[in-house]
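Asker: For reference, the structure I am asking about is given below.
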Amino acid sequence: MLAPLFAALLAGAATASPIQERQSSVPVGTIITACTVPNTFALTFDDGPFAYTSELLDLLSSNGVKATFFLNGQNWGSIYDYTSVVTRMDAEGHQIGSHTWSHADLATLDAAGITSQMTQLETALTSILGKVPTYMRPPYFSTNALALSTLGGLGYHVINANIDTLDYEHDDDTIGVAFTNFQNGLASGGTVSLMHDVHAQTVHVLVQEAINAIKAKGLTPVTVGTCLGDASANWYKSGGGSGTTPPPATGGPSPDDTCGGSNGYVCQNSQCCSQWGWCGTTSEYCAAGCQAAYGPCT
């Protein structure tokens with residue numbers, strides 16, 4: 001009975017599904033650390049998109065592997081500078097989740113601050129994909145009762161991991177230590193791993209070794225949603241998320257530092273789009289009136 005179910009889940013994960021009313025059995029506002037579908041494993045990557053993410057997508061494609069990316073809006077880079085990478089993730093059947101707008105420690109924020117961190121990224125993903133994720137990972141795995149309650153109220157499944165490779169400590173010739181951490185977690189029955197696609201050695205060395213080890217153990221690397229038995233239609237909700245839906249950014253990268261308005265241009269190089277439709281980086285552009293659909297706002 002499990003084989004047909006698993007095959008159906010894989011088929012659903014590999015193709016885009018229309019947004020529809022969600023009927024997920026995966027709980028919201030509760031920390032989840034492990035897969036529930038037998039013989040599956042979820043590779044997850046945090047903190048991107050960044051310079052190495054495209055290479056990682058190439059690697060996953062060459063291995064026939066689907067993964068989950070928990071994205072920030074403004075962290076190592078601005079999500080608006082990597083819109084083509086984000087759309088490629090989605091088109092190739094990977095799962096996109098939220099990692100908050102700016103990698104904030106949610107346990108240090110009040111409900112309004114938590115909501116702001118989530119809805120800022122929802123606005124960005126609405127402009128890029130026309131939809132927002134229902135899965136998220138708290139930065140630092142840090143939550144408290146208020147954070148979980150707020151995230152649950154926003155409809156988010158909260159995903160941690162039971163294998164932390166600590167790859168961020170080994171982005172050099174000690175990357176083998178991160179793989180040892182991975183192997184130890186895998187041997188202990190871990191099924192959800194944490195890595196970061198912002199580190200060169202993770203992408204160039206660690207991921208391939210991890211894929212080899214997963215397959216050698218007879219497990220299938222899949223998205224978090226698939227490993228929890230959740231149909232791909234449930235991984236997202238309609239664009240606009242928990243706040244007001246801005247018009248989608250349709251004009252592409254700005255060629256002349258204009259943005260929004262009738263042209264729909266998106267500011268590049270981490271510039272904000274001011275209320276007057278110009279790209280810049282000072283408070284006049286990034287604070288009051290900033291148009292979050294066309295660049296980051298602070």
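Backbone N, Cα and C define each Cβ position, glycine as well.
Feature annotation from Swiss-Prot assigns active site, proton acceptor to Asp46; the stated evidence is sequence analysis. The active site, proton donor annotation in Swiss-Prot covers His196 and is backed by sequence analysis. What Swiss-Prot lists as acetate binding site is Asp46, Tyr140. According to Swiss-Prot, the feature Co(2+) binding site maps to Asp47, His99, His103, an assignment based on similarity to another entry. The disulfide bond feature in Swiss-Prot is assigned to Cys259-Cys273, Cys267-Cys279, Cys272-Cys286, Cys290-Cys297; the stated evidence is sequence analysis. Look at Swiss-Prot and you will find 39-222 tagged as domain 'NodB homology', backed by sequence analysis. Look at Swiss-Prot and you will find 256-298 tagged as domain 'Chitin-binding type-1', backed by sequence analysis. The signal peptide annotation in Swiss-Prot covers 1-16.
In the displayed structure, how are the listed features positioned relative to their neighbours?
Answerer: Around the Cβ of Asp46 (active site, proton acceptor), the same chain contributes Phe70, His99, Arg137, Pro139, Leu194, Met195, His196, Asp197, each under 8 angstroms and 6 or more positions distant in sequence.
Secondary structure at His196 (active site, proton donor), taken from DSSP and collapsed to helix, strand or coil, is strand.
Secondary structure from DSSP puts Asp46 (active site, proton acceptor) in a beta strand.
In the shown protein chains, 17 other C-beta atoms lie within 10 A of the C-beta of His103 (Co(2+) binding site). Secondary structure from DSSP puts His103 (Co(2+) binding site) in coil.
Sequence-distant contacts (6 or more apart, same chain, Cβ under 8 Å) of Cys259 (disulfide bond) comprise Tyr265, Val266, Cys267, Cys273, Ser274, Gly277, Trp278, Cys279, Gln291, Tyr294, Gly295.
Reduced to three states, the DSSP call for Cys279 (disulfide bond) is strand.
Cys272 (disulfide bond): 27 other CB atoms within 10 A of its CB, across all protein chains.
The Cβ neighbour count for Cys290 (disulfide bond), using a 10 Å radius over every protein chain in view, is 20. In the three-state DSSP classification, Cys290 (disulfide bond) falls within coil.
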Asker: Out of the recorded positions listed (Tyr140, Cys290, Cys297), which are within 10 Å of Cys272 (disulfide bond), Cα to Cα?
Answerer: Cys290, Cys297
Asker: Pick out which of the recorded positions His99, His196 has the most other Cβ atoms within 10 Å of its own Cβ.
Answerer: His99
Asker: Using the Cβ centroid of Asp47, His99, His103 as the reference point for the Co(2+) site, which residues of the same chain not in that list have Cβ within 8 Å?
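Answerer: What remains near the Cβ centre is Asp46, Gly48, Phe70, Leu71, Asn72, Asn75, Thr100, Pro139.
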Asker: Given the recorded positions Tyr140, Cys290, Cys297, which lie close to His103 (Co(2+) binding site), meaning Cα to Cα within 10 A?
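Answerer: Correct set: Tyr140.
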